[in-house]
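Annotated features in TrEMBL:
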DOMAIN    A:25-259  domain 'Orn/DAP/Arg decarboxylase 2 N-terminal'
MOD_RES   A:Lys48  N6-(pyridoxal phosphate)lysine
ACT_SITE  A:Cys325  active site, proton donor
Protein chains: 2
Amino acid sequence: MATQRILDFLATRRPSGPCLVVDLDVIEDNYKAFERALPSAKIYYAVKANPAPEILRMLAGLGSSFDTASVAEIEMALDAGASADRISYGNTIKKERDVARAFEMGIRLFAVDCVEEVEKIARAAPGSRVFCRVLADGEGAEWPLSRKFGCEPKMAVDVLRHAHKLGIEAYGVSFHVGSQQCDLDAWDKALADAKGVFEALEKEGIVLKLVNMGGGFPTRYLKDVPTAQAYGEAIFASLSRHFGNRLPETIIEPGRGMVGNAGVIKSEVVLISKKADNDNVRWVYLDIGKFGGLAETMDEAIRYPIATPHDGDETAPCILAGPTCDSADVMYEKTPYPLPLSLTIGDEVLIEGTGAYTTTYSAVAFNGFEPLRAYVI
Amino acid sequence: MATQRILDFLATRRPSGPCLVVDLDVIEDNYKAFERALPSAKIYYAVKANPAPEILRMLAGLGSSFDTASVAEIEMALDAGASADRISYGNTIKKERDVARAFEMGIRLFAVDCVEEVEKIARAAPGSRVFCRVLADGEGAEWPLSRKFGCEPKMAVDVLRHAHKLGIEAYGVSFHVGSQQCDLDAWDKALADAKGVFEALEKEGIVLKLVNMGGGFPTRYLKDVPTAQAYGEAIFASLSRHFGNRLPETIIEPGRGMVGNAGVIKSEVVLISKKADNDNVRWVYLDIGKFGGLAETMDEAIRYPIATPHDGDETAPCILAGPTCDSADVMYEKTPYPLPLSLTIGDEVLIEGTGAYTTTYSAVAFNGFEPLRAYVI
């Protein structure tokens, strides 16, 4: 999955220490694939997936909008050249003073999932549009979401009615089908729920306009995933089924699906050892781990492809761990990772599909190790 | 657990945003308590627990030595005024070029747990002393360690023999009984194993001198923990039982036990909401979470005491979550946390016992949120 441009960069620049290299061409291709797959949907790139300024600038240039999680991310999107009307404040958990700062910067589209949040928006961002996030069950997702964001659809009706009453625009509904969602039908049930909220409010004379279909679009790790085109077709079919010829405005918020496969982490094998003479499984320690950018290996949730200089040689199972003095800094142990028996201390390995959710997850200085460096090329 | 000095600082300075405040007086008391409890042991403060320069300087002044995990931590300890002979490179996972850099800086004491690491030391730090870490079962620890560090005692004999053969000094044995270890007997079995390694090598004419008894000393969270004095007595009794009147040099490496109870995180309630009308459990969202410094709430491992302005009022169970758009950023859900029903959005809460393993675990900029700020007073 490492592109020739990434391989050339690593071969020429030979950066020392672990680093992420991101290929902008791949992101451009991904953006265009989403555009083609869902031509009627607006693309709001989920900035949190990878907020590198080069990425934001390129996407802004391509016409992308931006889903942001904080005032700092709003500033990054503005700095990248996006106008405020292309930015949503998509975090359902906001301090009222942050809502006010976003409003001052021109942001008029906010996510909510409870009346308390609606009241903050009414006070600090009068006249803005809100969409209410509803819970989705996340079935079929490799990483189903907790109930942290969203409310039951029945409550969403109350939340949006409250917004309307307070003079802000009850604009729509959002949901998130779960991260790395490979079930093309996952959007269908959520769209049915969304349609239910539209109908309940329409009876009261409140006409919603937007369905924010969130993210969840996967990146390819070890297994193949459906194409953007396949997602587009399935989602459009569901939209038509539930909304007929009165299609709402739609938004998608790809993050992982936009940048995941554009990045590769270069890492070094620091140590290979056993704990006892008769151990079957080797421990392989890399110079990057859970606290250096691979946080998504938590509970072994995401299993990254790893390329070594000895691919093709006979393999044996390894426990893969990071370089810190933290006993929890182990990436793969329950399901050991097969790596070549010829792998040697000092070898460089490429951890693929690491363009999303790596650099910013990285700890400030845990154990004195620097945060993950990134090169966007 | 917040000291008057911390409360005064917060009341006077009113720092905005989440922050950690550390009281140096508490750390000084802890240091002296360890000194009194184990007068024959040298104290190597585990820098990774909290490497704030003010803490390192004070401990260096009190005569502490330092257990470091990386070249950067060695530099911090040197900068704080510790001489190189008071610093150990305690990480068993080291790049050979980092061993060489440590050696150049004067470091002569290294941890190993396999022959591969011994060979790096022999090449890059000739003539140095090594201690070999043996696995301990961690029974009784609130956070038992994985098998990431250490080897079986039988293999430790081979590792230290190999060191001797390569001309570096086979200096001793280390172990770690597990984090937040509240069983006073936990050290006993590990000391028996250590003694076994001493004896096996003595038969071959290799005389070990050091037992590094590691960390594991707890800090008080919600439950009382034994005093340093109680640990000291239990450990000294075990040492005498196994080593008789030929007591080895000993080292302890308190981290959490040295700084945990010296720090308090001030945080703000961003949102309190429900997901459905009939929910029994409220969701309480703070402006700090798993990625902002509370990484040790992973798997709800550590349950911090939380003080609110409404303590004493009737409480009800809450799910406690952080402010990011990450669904995994939930601190306590399996076991909800009882908080006052009168708790309100905007309230400040104090998360106590957070002096260790918070600031440096904090993500660089996840979701655009700044890493945790710290004030050491």
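Using the three backbone atoms N, Cα and C, a Cβ is placed for every residue, glycine included.
Look at A:Cys325 (active site, proton donor): DSSP puts it in coil. Spacing of the residue listed as 'N6-(pyridoxal phosphate)lysine' relative to the residue listed as 'active site, proton donor' is 28 Å (Cα to Cα, whole number). A 10 Å cutoff on Cβ-Cβ distances gives the residue listed as 'active site, proton donor' a total of 27 other Cβ atoms nearby, all chains included. Around the Cβ of the residue listed as 'N6-(pyridoxal phosphate)lysine', 27 further Cβ atoms fall within 10 Å across all displayed protein chains.
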